[in-house]
Amino acid sequence: MGKPLFYEILEKPATSCIIGICSMIWFYIQKKNIGYSHVGLSYETAVEGHHWRIITSAFSHISVIHLVFNMSALWSLGVVEQLGHLGLGVEYYLQYTLVLVVLSGVLVLAMYHLLIQRFKLEYFRRVTAVGYSCVVFGWMTILSVKQPSSKLDLFGFLSLPISFAPFESLIFTSIIVPQASFLGHLSGIVVGYAIAWGLIHGMSNYWALSLLGWIALVFVLSLKRSGAVDLNFLEIESVTDPSLPSVRFLASNSGRTLQMSALPNGNVEIV
């Protein structure tokens, strides 16, 4: 008999929080009748400046089956939080989850760009990706390198050897679920191997918080630029300043103004 759920939650605090966040977002999407096109990531929307979708697409799920499958796999992969003796653990899990969310989204867009611009496959211009699968496949891959003897448990009864799980799952989902994003899953695997093999390394709490800060800034500015959310309190304007670039909020009668100084010999407008 396994441990009570309460104790497992305490052993996987970060995983439990992420599952809770994804579940609440799914409930909100269902309640507000929001479609995948409103939160998903596509090449077309990215070109239009909707960079915030890299984040919203990762944590959004449209169908309950999609949510249950991803969260079931993520729960099993939460064992990473318990492997501090292997150099993993809770901090490692949180730091590189952030990396996986951002880089897998960027890599998907890069693949779309290559297929559209190089091979003239216009179909990929409007393909919309949504779901936490990129991160799930990334952690599958990392665990397959760091702890190849582990098992991936799905739905409480299906168990896969973790060493083969990334590509088994990639093929399985592509056959069983034709709508599954092959490129999205593949991007998670690629970034996962880059992390596991040490090509991407050196993350610490400082760098994770710095990255989080930049993500938050780009998220807000791209929301403002795209007009997806009404941010009347935020005015963005360019100024000419010979000093190094800086970003600051200034109080004004109409609210707050975000100003960014420009490099010499030119104006920089954050839109």
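Cβ coordinates come from backbone N, Cα and C, glycine included.
Feature annotations, reproduced from TrEMBL:
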- 49-200: domain 'Peptidase S54 rhomboid' (DOMAIN)
- 12-29: transmembrane segment (TRANSMEM)
- 58-80: transmembrane segment (TRANSMEM)
- 92-116: transmembrane segment (TRANSMEM)
- 123-142: transmembrane segment (TRANSMEM)
- 154-175: transmembrane segment (TRANSMEM)
- 182-200: transmembrane segment (TRANSMEM)
- 206-223: transmembrane segment (TRANSMEM)
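Counting Cβ pairs under 8 Å to the transmembrane segment (92-116), the stretch among 12-29, 154-175, 182-200 with the most such contacts is 182-200. Contact count against the transmembrane segment (182-200) (Cβ pairs under 8 Å) is highest for 123-142, out of 12-29, 58-80, 123-142, 206-223.
Residues of the same chain lying 6 or more positions beyond the ends of the transmembrane segment (123-142) and with a Cβ under 8 Å from any Cβ of it are 18, 22, 36-37, 39-45, 57-62, 66, 70-71, 73-74, 77, 80, 96-97, 100-101, 104-105, 108, 112, 115-116, 152, 162, 165-166, 169-170, 173, 180-181, 183-189, 191-193, 195-196. Panel annotation: around the transmembrane segment (58-80), residues 12, 14-16, 18-19, 21-23, 25-26, 29, 35-36, 39-40, 88-89, 92-93, 101, 104-105, 130-136, 139-140, 142-143, 147, 150-156, 169 of the same chain, lying at least six beyond its termini, place a Cβ under 8 Å from a Cβ of the stretch.
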